[in-house]
Structures are given as C-alpha cells and as structure tokens.
Amino acid sequence: MNLHEYQGKQLFAEYGLPVSKGYAVDTPEAAAEACDKIGGTEWVVKAQVHAGGRGKAGGVKLVRSKEDAAAFAQQWLGKRLVTYQTDANGQPVTKILVESCTDIAKELYLGAVVDRSSRRIVFMASTEGGVDIEKIAHDTPEKILKATIDPLVGAQPFQGRDLAFQLGLEGKQVTQFAKIFTGLAKLFQDHDLALLEVNPLVIKADGDLHCLDAKINIDANAMYRQPKLKGFHDPSQDDPREAHAAKFELNYVALEGNIGCMVNGAGLAMGTMDIVNLHGGKPANFLDVGGGATKERVTEAFKIILSDTNVAAVLVNIFGGIVRCDMIAEGIIGAVKEVGVKIPVVVRLEGNNAELGAKVLAESGLNIIAATSLTDAAQQVVKAAEGK
C-alpha cells in the first residue's frame, strides 16, 4: 500500500526526522489558511498523488502569496494529474500539501528496500539526489552506496556515519545523517515497509540536513499487523477495476494491451502473458482467479476484463486440479451468457477432465474457441484480437 507524501512525512516526524512544516488541505480556502499558519513569504504547494514526476507535470509549484496557493489548489483539486508514472488517465488529486519553502544547497538520495537476494533491508545512498534513482543505477551504478541491515541488531550509527563520509558530508552533517539513517531504519522495520525513499534528502543553505520528500510503500501482506496505517489508505488512488477485483478475491492488474487474460494461478498467469507476448500479442491485464474458478468468480472476472474497452479478445487458461475442467467449462459458458460477451473467447483447459471440458465448450453453441495447447491458445487469441 502506497502512502501520500504528507502521510509519509507524518511518520517521519513521529521518528524525530527533520521535515518541513506543512498542512494537507482539500479546499482553496484551506490552502490560503495554511500559508498563514506556516508563516513566511514563500511556500511550496504539491498535488498529492501516488506517482512520481509531479514537478515536471505541473503538480509542484513555488508560490509567493496565499492567493497563488489558493489558485493552485483550485487548479488541481478534483482534477487528474498525468505523469510519466501514471497511465493516460492520470491520478485524481484530492489533497494539496502546503509547505514552508526550503533553501537548498545540495540534493542527496537516501532509500531502502527489502533485498531478496540477501534477505535483508538494504539502504542506498547517492550524491545524485532529486533524480530518478533507477536511471542512476543503470547509467552510473558506482554512484550508489549501500548498507545492509543485520536483522538481529538493526541499523547501527557507524553504518550511517560510514555512508555520510562517503557522501562527502562533514561536521554536524555526519551526526545528523546517522540519526536520519537509524530513524528511517527503525521506521522501516516497525511499519513493515517494502520501500522507503527520501528523494531528495537536502543540505540546506545553513548546512543542516532535511527530508524534503517522502515515498513509502507498505508490504500488503503485513497490513494485518499495521491497523493504524490502514486508515492511511486512499481509495481514490486505486484502479477501480483492481479495487472491484479485490472484493471477489481476484488478483487483477491493468496493463495496456488488447488481449484479456483470465488464468488460475499467478505463475500460470505470468507464463500465459509471456507466451501471448511471444506470439506478437499484448496482454490487457494480469488476472488470477485463484484455485476456486467458480461461475460467480469467472463471471466477475469477465465483467472486469470487459470493462476495459481496449480488449479485443479474451484468453482463458485454466488448469483443472481439485476443480474439474468440465465444471470450469460450465462456469465459463454461464459467465459468457450472463455477461453477454461479444468478442472472441479462446479457452485452454488442461488437467482433471480436460477432454470432457473441451467437449462441453464445443457443444455450447457459443463463440468460444477451444485451444488444444498453450501455444495454440496464444496463436488463436492473437489472431482473434487482430480480427483474422
């Protein structure tokens, strides 16, 4: 689960980390009032969405009057912000963060992820702050410094000092960086995070370090341990199809192709997408109906897939285990009839009672193409999507 910047900074403040004074507002009037509360003559206003690249898209602005802050809020609240990290529809803006302006001397990067290979939390730091860290990692990997956290003892101040020296920090900055480093590590572990970024971590004109941004992603599998953070969830940022799918325990991720995919099992779903790509097609989604491919779940899956107007054909790839293929076939037929599917549907059944399932499909009288293998299914659905 992603957090907004203002929510991340709330957590930072709880751990004693240096953040700007600011307020998250949802009206132009509140934006103007926030400027008065903060004081000063310059403020930064930021549209709050779960995506990076806001500055280049016009979602971050320096303002010098509370009227300009209100105008910015009026411009963005209720609108959708499109960045290089969103789809063409963008993300809705329901909050604006109004902050005090920070005089920046230098930008750094500090982040942490769970590294699967080492099975540890790994911190990354770089002198190249304020830019896309993935680009730095690709172009100049030597500029990324790393520190691995031992889960038995946690982050140690000496690790923070070591990173600080390598970043070229000096004097009080070394102590400040070590405090930020250990604070972020404790926050990461306490709240079961999957990713944390401060980009940029800045050196202010007075030489002090300051967390100018906050990006946090919480491990969805650990949310049951984080009841406090459940209240931070912003449903407006969810893809409506993904949110609807979750209600029926369907794992759905929207993509940008035109071939809908319905599969039971995450591994088989990924393999199905790969083979569709291999044969020249582009999947419109990842959809795992799980082990219980019942008529009800298949029906909802079809509804979700067909809500994407780009979908030109659907590939159903089911491996029958405990649930027999003939029962799955009957569920598919019932779902196709109920939903009123008008586009071609290619079905590949394998496993328990696969032959009987294929027979049931063939005798249905519906526009359902029974595939003989996974390769055949991919070839058939690509042709169908192309109108051949």
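Cβ from N, Cα, C; glycine included.
Small disclaimer: the values here were computed from a predicted structure and weren't measured.
The annotation ATP binding site is assigned in Swiss-Prot to Lys46, Gly53, Arg54, Gly55, Glu99, Thr102, Glu107 on the grounds of sequence analysis. In sequence order, Thr83, Tyr84, Gln85 constitute the residues six or more apart from Gly53 (ATP binding site) in its chain with CB-CB distances below 8 Å.
When Cβ atoms from all protein chains are considered, those within 10 Å of Asp213 (Mg(2+) binding site) total 22, not counting its own. DSSP assigns Asp213 (Mg(2+) binding site) to coil in the three-state reduction, placing it in neither a helix nor a strand. Annotation source Swiss-Prot lists Mg(2+) binding site at Asn199, Asp213, citing sequence analysis.
Ile322 (substrate binding site) falls within neither a helix nor a strand when secondary structure is assigned with DSSP, and so counts as coil. Residues annotated as substrate binding site in Swiss-Prot, with sequence analysis given as evidence: Asn264, Gly321, Ile322, Val323.
Marked as domain 'ATP-grasp' by Swiss-Prot on the basis of sequence analysis: 9-244.
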Rounded distance in angstrom between the Cα atoms of Ile322 (substrate binding site) and Arg54 (ATP binding site): 48
Cβ contacts of Lys46 (ATP binding site) (under 8 Å, same chain, 6 or more positions away): Glu5, Arg54, Gly59, Val60, Ile96, Leu97, Glu99
Binding-site residues listed as Thr102, Asn264, least Cβ neighbours within 10 Å: Thr102
Closest of Asn199, Asp213, Asn264 to Thr102 (ATP binding site), Cα positions, binding-site residues only: Asp213
Closest of Gly55, Glu107, Asn264, Gly321, Val323 to Asn199 (Mg(2+) binding site), Cα positions, binding-site residues only: Glu107
Distant-in-sequence Cβ neighbours of Glu107 (ATP binding site), under 8 Å, six or more positions away: Gly129, Gly130, Pro200, Leu201, Val202, Ile203, Leu212
